[in-house]
Amino acid sequence: MGLKEFVTRRIIQIVVLYFAIATMLFFLFRAAPGDPLAAYIGTGFTEEQAAQIRATFGLDQPLHVQYWKYMTSLVTFNFGLSYITGDPVWGIIQDRIWNTLVLMGTSVVLAYLIGVPFGAYLAWNRGTKRERFGVVFALISRSAPVFWTGLLGIWIFSFKLGWLPAGSMSQPGVTYSSKLAQFTSPSFLRHLILPALVQAFYFYSLPALLMRNSMLEVMNEDFVDFAELKGISDFAVMLKHAARNALLPIVTAFAVAAGFAVGGSVVLETVFAWPGLGREMVRAVIANDYPVAQATFLILAGLVLIANFLADLAYGYLDPRITYD
């Protein structure tokens with residue numbers, strides 16, 4: 001199977017899986033207890049007005065009709081109307097998508113910038129106390145809950161030291177002409193540092209331990225011994241031969257890291273009051289705002305699927321020995 005056939009097959013798999021997730025979410029939310037329109041209707045409407053509101057949202061139709069309209073509307077990214085505000089869901093979440101992507105992307109990049117060199121350092125110091133201490137520290141950081149490290153970071157760097165803001169994305173009352181202007185502003189960058197570092201601290205151990213294990217395996221290969229016999233320095237052998245060949249499993253771990261970032265964003269955005277998809281999803285679930293909750297779930301799931309797809313392509317590109325079958 002060639003690259004073109006592999007890409008086509010993977011895209012079909014992603015689409016099928018995406019709509020399967022959408023189907024599961026549709027029936028899961030409608031099986032939840034409570035009236036989703038209770039908060040919107042309140043007590044100030046008559047029975048006739050309440051029935052008209054239900055008709056507006058399509059909740060007066062049979063379940064299979066609601067399902068068909070819901071699935072066909074996903075093709076055009078029409079996620080319906082919010083049960084709380086009555087506004088289009090896409091208008092509510094479109095800015096939050098970029099907010100989450102920036103936070104996730106920054107934390108993943110930081111995790112790799114910290115984890116890959118740290119893993120190489122552990123492999124270089126194999127069998128020493130420094131390696132054992134580094135492995136234990138990486139495991140501890142991976143087991144620490146995000147909400148705990150987030151609150152600890154706020155307490156230390158915001159309340160005690162006053163170095164960084166405690167939450168949100170910018171100073172109150174500040175407006176920007178565009179998202180690009182906001183994301184490049186000094187205020188935004190100061191607000192981004194702490195949550196990105198907290199999330200990077202949570203899963204930097206994944207690339208670190210993978211890099212260590214891969215390098216230890218590669219350093220036992222014959223070509224490494226041959227390079228040493230040629231008189232190449234130990235550092236050059238590690239950097240040019242062992243580290244480069246050990247990077248391949250790290251690429252595969254990118255998809256796992258993206259999944260960690262998506263899962264962690266729900267808790268992290270809530271702790272830091274970050275106006276992203278994760279925080280909006282929590283609000284929508286608590287308020288029984290099904291259209292918004294479904295949309296946030298689907299977009300986050302789509303990000304994970306795309307990350308897996310890109311990791312598959314990158315792995316095959318970096319290692320020509322990989323065959324697409």
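Residue 1 is the first one shown; counting continues down the chain.
Cβ from N, Cα, C; glycine included.
Features as listed in TrEMBL:
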type: DOMAIN; residues: 97-311; note: domain 'ABC transmembrane type-1'
type: TRANSMEM; residues: 12-32; note: transmembrane segment
type: TRANSMEM; residues: 97-123; note: transmembrane segment
type: TRANSMEM; residues: 135-157; note: transmembrane segment
type: TRANSMEM; residues: 188-210; note: transmembrane segment
type: TRANSMEM; residues: 247-275; note: transmembrane segment
type: TRANSMEM; residues: 295-318; note: transmembrane segment
Top stretch by Cβ pairs under 8 Å to the transmembrane segment (188-210) (candidates 12-32, 97-123, 247-275, 295-318) is 97-123
Inquiry  = I'd like to know if the transmembrane segment (12-32) touches the transmembrane segment (247-275) in this structure, counting it as a touch only when three or more C-beta pairs sit under 8 Å and are separated by 6 or more positions.
reply    = no
